Amino acid sequence: MGWKTLDDMDLAGKVVLVRVDVNVPMENGEVTDATRIEKIVPTVEDILKKGGKPVLLAHFGRPKGKVVDEMSLRLVLPALQNALPGTKVSFAADCVGPEPEQAVAAMLEGEVLLLENTRFHAGEEKNDPELAAAMAKLGQVYVNDAFSAAHRAHASTEGLARLLPSAAGRLMEAELKALEAALGHPERPVVAVVGGAKVSTKLDLLGNLVGRVDHLVIGGGMANTFLVAQGIEVGKSLAERDMADTAREILSKAKAAGCTIHLPLDVVVAREFKAGAANETVETAACPADAMILDAGPKTVAALSEVFASAKTLIWNGPLGAFEIEPFDAATNAAALQVAQLTKAGQLISVAGGGDTVAALNKAGAAEGFSYISTAGGAFLEWMEGKELPGVAALTV
């Protein structure tokens, strides 16, 4: 799959419409975590260096096609200005029509313009061709730097890309390269770690992975469903008993594809789910009837450590236990730190993504050691499921 990048585009003197993700958390009208804003800086700076005029398009929250003051991108302007010191950043109170047209016409070289929330228009989420055409009128080139919104065919992510010469921004480019290295043409053996609470939410993911990876590690509440499918009692643990047949199908599909599935060998159980709860480690088949499985045990971690050490590529989505509460974060922490160590030693390419996953790796202090951490959430999951992402497909040459 090929796509153009900023290096392929002549941007001098051109207005460049850049789709970015600045959907940041806010409290009392102030940005509490500016990570997503900071990540778009390399793209904006590169466009400025090439003599282009960056005009930023983004959504914020879910206003459902109406103007909602608390979801105005005007609130993000101070944090964006902080991320681009020395660059004048202006704001236009719409993303189409006379106001942005005048603001674009008034731009000087070296300035940046942020447009209002694209989702204030109902046509954005419907991928309305008229809205996309009105956006396209504002610029000469389109750059998509919002991989996190690439799984949605919206006017500003898909429709617009088909109307102007288009390229991937630096963040999008990094994400696509990392994902291509992990699942497109990976170095083998490939290990996928899939955790989280429910099999039902990750069915497509598991079905796609068993045909593409050499080892599939299943953790979290999801592992309990697979244990139940094998006739193992899990006490009061979270398990989707109605998914047992589906779990058995995944196991047989994996066997046919030559993919080894790894389930917990021992588990940490407790009678209550709270920090510091009295707990014990037991063999997987020996979970007491009145207890619940909250983490994988040390034998499991030791076995996984051998699997990781033999791997060349690793993809991670979802924790191995109830990582939010100590001591049930032990397996996730130990596994994450080992992956980070192998990656730093040059033995492993490691890519992780999904909200809980990023939180778990940060908590373990391991995130910095991974080759690539995707902040994309839904788009990362759909990519792992093998689905075409409209925002990426629209950039493909």
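Keep in mind that glycine also has a Cβ here, set from the backbone N, Cα and C atoms.
When R119, R170, R188, R212 are compared with the substrate site residues D21, V22, N23, R36, H59, F60, G61, R62, R152 in Swiss-Prot, the one appearing in that site is R119. The record from Swiss-Prot ties K202, G354, G355, D356, T357 to ATP, and of the options E173, E233, E324, E388 it ties E324 to that site too. The binding-site residues under consideration are D21, E324, D356. Their Cβ neighbour counts within 10 Å are lowest for E324. A sphere of 10 angstroms centred on the C-beta of K202 (ATP binding site) encloses 23 other C-beta atoms. Our reading of the ATP binding annotation (K202, E324, G354, G355, D356, T357) yields a largest Cα to Cα distance of 20 angstrom. Burial estimate for the binding-site residues (G61, G354, G355): highest at G354, by number of other CB atoms within 10 Å.
N23 (substrate binding site) is surrounded by 20 other CB atoms, counting those within 10 A of its CB over all protein chains shown.
The Cβ of H59 (substrate binding site) lies under 8 Å from the Cβ of N23, N117, T118, R119, E124, A149, H154, S156, each of these being in the same chain and 6 or more residues away along the sequence.
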